[in-house]
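Engineer: Submitted below is the structure of interest, expressed as C-alpha cells.
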Amino acid sequence: MSVRYAPTCVGAPLRSKAPLQTILDPPDQYSSLRHWLPPCDTTYVDFTILVTAQATLEWTMRAYPYLAVVPADAPNDACIYTLSASVDGEETEVNYFLRTTSVDGLGRFSVDQSTGCVLTVVTENSVEFVEDDIFILSVYATAGGETLNAEVQVFGVAHDPQFTEEVYQAYVLEESSSPQTVITVEANSFNIKLAVDYYLEPLCANCPPSSIDQVSGVVTLETTVDRESLPSYFLLVTARERPQTGVGRESTARINVIVLDVNDCSPEFVGLSNLYVEVPETETLAIFTSTDGGDPPLSSSIDVIVEVSAEEDELPEFNPDGYSYIIDERVNGEIDIGAVYANDPDRPGTGSVTYSIDPDTHFRISSGSGVITWLQGTPQEDEYSLTVSATSNTDTTSTDFIVFLNDLNDNAPVFGGCNDLDATVSEAAENGDFVIQVTATDADRGYNGQVTYSMEPANTPFEIDSSSGMITVSRFRNLDRETNPFYLITVIARDNSLTIPQLDGFCDFTISVTDVNDEEPQFQLAANDYKTAIPASLEGQKIVTVAADDPDLDSKLTYSLDDTQYFTIVPTTGEIYSRANIEGVPALNPLVVTANDTIFETSITIQIQVIDSTFAAAPVWNVYPDQYIDENTARGTILLIIAATSAGADPTIVYSLLRGARPQTNSLDSFDLNSVGDFTQAEIIVGAGELDFETVSNITLEISAKNKGQDSLQATTSINFFVLDVNDNPPTFFLNNYDASILENAPVGSPVITMVAGDLDASPEFREQAYSIVAGEQDSSFFTIDESTGEITTDSSFDREKDKEVYVINVLARNVLDLADGGANQAQASVSIYILDENDFEPYFNDTSPYSVTIGEDAQLGDEVMTVTAIDEDAGKQSNKPMGFYIFHLKLSKQ
C-alpha cells in the first residue's frame, strides 16, 4: 500500500506536508521503518509499506547484435539461430514470431513459435544462399501481454567471428602486484569446425604492457599501474579463425580498462580563505583534520582562521564540469548542438546565471538557456573545442565544450595515378622481394577513411600487404618469364567502415616480368638429324646450318667448332662451310658445335659424310613469302603446301618441322607438318598448341628437307607466320558483386558508381564495350547507365525511411563487335546500391505530455532522477548517429 505521512513535533510549527511514498526492493516483502522527527521532543511512528514489482520481458541471447549464418546448401527447416527471452529470468511461456524480412529474404525464413528457432524455408524453386547475401529479420516475442522486438541479421555462407560484447568494460586495481588478470574475452566463429585465436594491441601511447592468452582469451596486466597518473586505458582485441589453409576471418572489439583507486594518498587542504572573529590574537579558533574513508584511513590537519563575510563569494558551478556533443558532417544550416548548465551556490535556483562563448563564427550560445547552436555551412574540422563562461553578478567561471564531427561513410577509396602504373619485376626475384606499392585514399574520417587492400586474381605469384598496399613476390610461387611474361592485376581497396556497405575502389595494371639469362641454348634437332652428306668436290660452300635457340629474351648466341681443319662456322648464324677442296679427307667427319650465350653453353656432335661423287646435291627449296593467319583458326586447318626439289633420281623428300625453344620459334607447337603427295610435298597445319595473338604475334618456322638414298643431303628454309588479332575474348568484370551507395534525397542524375570491364583483346576496336542495365528486374527502372563510360546514375530520388535501404541491379558489358566464333560476347555483374541515411527527421519523445517526477530533499549529486526516451526515424542499421539529450528548461516546485 501507499502511505501518506505528515508528522509534526509537539509545540513546533508544521514544517512539511509532503507525501511520503516508498517502494522497496526486493519485491513481495514488507519492511518496517522508523521515522525520526526533529527539532523538538523525539517522536517515533511505525508504518508498513507494501513493495510492488513489475515483471519485465527481456531477451536472453548471449551476443548482441543478433547475427546468424545460413549455409549455402541449408535444407528446409534448418535451425540457424535460436531466439530466447524470459520474464525477470524466470521460466515463463514465451511465444516467438517473425514480423518482416528484408525484400530479398521474403519467404525464405520462418520462426518456430514455441522454440524460437529461426528456420530456413527451402523449396524446389529456391535459389542457393551465397556469401554476399544479407537478410534482415524483424522478430518479436510475447509473454504476459508484453511484446519485445528485435532484429536478426542473417549472412550467407560465412561471417566474421562475433565477440560476446561489442565493447568490454574491465577493472584493475592500482598498485596491485603483477601480473593481474584483467578480463576474459570470448568470440565465437560461425564455422563450428574452426577454433578462434586472440591477439591484443594497445590503443594509447602510454598503455601499460598487457598480454592475452591466444586460446582462452584471458587478458593479463603485466605491470603495476597508478590511477592518479593513468585513470583508464584502452586495448584492442582481435579474434581470428584458425583454418587449416589460408587466412581466417577476423573481427575486433575494444576493452575499456578502468583503474580502481586504493587509499595511497593523504588528503590535502588547498585554496582556503581567512575568516576573522573577535578572539584573543594568540588563540587558535579551530584545528581542522581531514580524514579519508580508506582502509587504513589517512588524514591531514591544518590550523584555520575563518573570515566571515556577507558578500557573495561563490563562483557559478557547471554540472557536469565539461561537455561534449556530436554534429553530423552533412549539417548545412542552423541546428542546436546541446546545452550547458551552471548554478550559483549563493543564489541557487534563481536563474541568475548568464552564458557566453569565446568568439566563434560557427557557434552561438543563448545567454539565458545555455543552448549552443551551429550557425552555418558544413563542418570541416574533426572536432571543435570551445570555452563557455557562466557569469552570476560579477563572478565568472568557465568550462570546456567540445563538438566532435560524426563522419558518414559516403566516399569510396580512390587510387591516385592508377592509369600511369607500370610495374616490372625480374624473373630472378626472390620470395618477399618488393614489386610495387599502390595507395588509395578515402576522404572519410576515422574507420571510414582507413582502407584494406586485397588483390585479384589470387593465383598469381604475388601477394599484397592488406595495410600498406605493398605488393611483393609470393612465397608460394616462382616467376618464369618464359612461361608468363606478364600478369594482369586488380587491386581492391575497401574501407574499414563499421557500417554496411563498405565501399570499394579498384585499380587495374600490368606487372611485366623482365628477363634474366637463366636458360641454356637448345639445338633445334637431335645429333643424328644433323648428319649430312656432301660431294667431295664441294669447296668453300655452305654445308649445313646448325641452329640453336635460347628461351631467354633477346639472347645472342655465338657458335664455334672444335676442329677447323676442313670446315669453318659463321659465329653469328651457325652456318658451316668447307674450307677447301676436301677430296681425300676422311669419309665421316664428326664435328662438335658449341652454342654460347655468354653465360651458358651447349654442345652437339654432328657428322658430315664426304661422298665420292660430284653429282650429289641437297634439295632445293622453293621461296615462300610471309604468311598471315587469324588467331582463332581451327586446329588441323591446312595453311600452306610447301615443296623442295630433289636433285637425285628419287624425288622422295623427308620433311621435318624444327621445334624451337621459344613461342616465337614454335615451342608451343602452334604449327605442325604433314608429308603429302608421295613425300614430294608437305602441308603446314595449325597444331595442338596455343595460337593466340595476345601471347605471340609472330612465329618463324624452320623446316628441313632431306632427300632419300644412301647419300642423303638436307636443306632448311624459314617461313614467317604473322598471327592476326580477332575478337576472341569477351569482356570480364573483376568482381561478381559490387557495392555502392547514394544519399537519400539525392537529385535525379546523381552518380552512383562507374562499372569497368576488362577485355584481353589487343586491338582497340575489339575492346570497345557498351554497358547496359538488365531491364525488367525489380530495381532496374530506378537507375540508368552511360553506354560508353559505364557510369551509373540515379533515375529517381530515394526516401530511405519510406522506400527501402538496398536496391540490386544487374549490369551487362557487351562487345560492340561480335566475337569471331559467334559465342557470348558479354559479361554480367550484380550491383547492390545502399541508400545512405540523411538527417531529415527530427527526434520526438515517446510521451508528448509533460514529464513529472518527485525527488527527496536529501537526494545526492549523481542520483538517477528519471529516464526519458525519444525516437528518430533516421536511426537504422545504416545510421551511425547517436542521439543526444540536454535540458532546455526545467520547472521546479516544492511539495
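Keep in mind that glycine also has a Cβ here, set from the backbone N, Cα and C atoms.
Here's the feature list from TrEMBL:
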- 164-269: domain 'Cadherin' (DOMAIN)
- 319-415: domain 'Cadherin' (DOMAIN)
- 423-523: domain 'Cadherin' (DOMAIN)
- 540-621: domain 'Cadherin' (DOMAIN)
- 629-733: domain 'Cadherin' (DOMAIN)
- 734-845: domain 'Cadherin' (DOMAIN)
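In terms of burial and nearby residues, how do these features look in this structure?
Structural biologist: In the domain 'Cadherin' (319-415), the DSSP tally of helix, strand and coil residues is 0 helix, 48 strand, 49 coil.
According to DSSP, the domain 'Cadherin' (423-523) comprises 4 helix, 46 strand, 51 coil.
If you average pLDDT over the domain 'Cadherin' (540-621) in this model, you get 79.
Secondary structure counts, DSSP: the domain 'Cadherin' (734-845) has 7 helix, 48 strand, 57 coil.
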Engineer: Okay, the domain 'Cadherin' (319-415) and the domain 'Cadherin' (629-733): do they have at least three CB pairs under 8 Å, pairs separated by 6 or more?
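Structural biologist: Touching, no - the domain 'Cadherin' (629-733) and the domain 'Cadherin' (319-415) miss the threshold of 3 or more Cβ pairs under 8 Å.
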Engineer: Going by DSSP, how much of the domain 'Cadherin' (164-269) is helix, how much is strand and how much is coil, in residues?
Structural biologist: 0 helix, 49 strand, 57 coil
Engineer: Please identify the stretch among 319-415, 540-621, 734-845 with the greatest number of Cβ pairs below 8 Å relative to the domain 'Cadherin' (423-523).
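Structural biologist: Against the domain 'Cadherin' (423-523), the leading stretch is 319-415.
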